[in-house]
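The following features are taken from TrEMBL:
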| type | residues | note |
| --- | --- | --- |
| COMPBIAS | 1-10 | compositional bias 'Polar residues' |
| REGION | 1-31 | region 'Disordered' |
| COMPBIAS | 18-27 | compositional bias 'Polar residues' |
| TRANSMEM | 43-64 | transmembrane segment |
| TRANSMEM | 70-90 | transmembrane segment |
| TRANSMEM | 102-121 | transmembrane segment |
| TRANSMEM | 133-159 | transmembrane segment |
| TRANSMEM | 180-205 | transmembrane segment |
Amino acid sequence: MSPHRTNSPRTAPRRTSPKQTPATLATSPEPVPAEPRLATLHYLYLLAMLAVIAAILTAAMVMQYVRGELPCPLCLLQRAALFGVAFGIMQQFHSGFSFRNTGLSLLFAIFLLVVSVRQTLLDIYPRPGHEYIGSAILGLHMPVWSILIAIALLIAYAFKLIIFGNADEVRNARLADHPLIRALALVLGLYMVAIVLINFGSVILQCGLDECHTFSYKLLQ
């Protein structure tokens, strides 16, 4: 008689992971580090754009408060468009490189171009009672300057996307690694917030809850 054989359960063979040799470690994909110089140039580019927008809005406020030229409704829309462009830039400093924030600024730059072209066309044939279209700076009135500013912003963003469009080179950059740029961005950001608050209060004084006019501040009469 043959001895009794017990059927032992079959065990599945263990799968051993391949040993990682130095050669395989060298070929494993790694995150692309940020290019320090390119990241610095990107932050400086944004900082310059924010500084230019702040200077433009400051000049508009000087025209209003020093020279007494109250902004028209279309002028206020142009200021709001510049605030929108600046907000997109400030978001780049806050949350890092983002095509979404770039698109936001581009959208407001296009809005600035549309509104300024509209006002320029209206100023070519002034309506009755609106013959005065404001003083000129270097021979150009403010709506024409707004057209040039909008075109300059669109060109600046085109170059920005051409130079820094490869997000792999700048997406890992941290603003904390650039303390001087971070401090300047914070100062400019706070200044932009102050300009927004001043303009908001000025609009309330000028317009109240009714239509805006360029004759006087409605709530101060």
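Every residue gets a Cβ built from N, Cα and C, even glycine.
Note that the structure is predicted; figures quoted are calculated from it, not measured.
The list of residues near the transmembrane segment (70-90) in space but at least 6 beyond its ends in sequence, with Cβ under 8 angstroms from a Cβ of it, reads 46, 49-50, 53-54, 56-57, 60, 64, 101-109, 111-112, 115-116, 118-119, 122, 142-143, 146, 149-150, 153, 185, 189, 192, 195-196, 199, 203, 206, 211-217. Within the same chain, residues 40, 43-44, 46-47, 50-51, 53-54, 57-58, 61, 64, 76, 79, 83, 86, 90, 93, 212, 217-220 sit at least 6 positions outside the transmembrane segment (180-205) and bring their C-beta atoms closer than 8 Å to a C-beta of that stretch.
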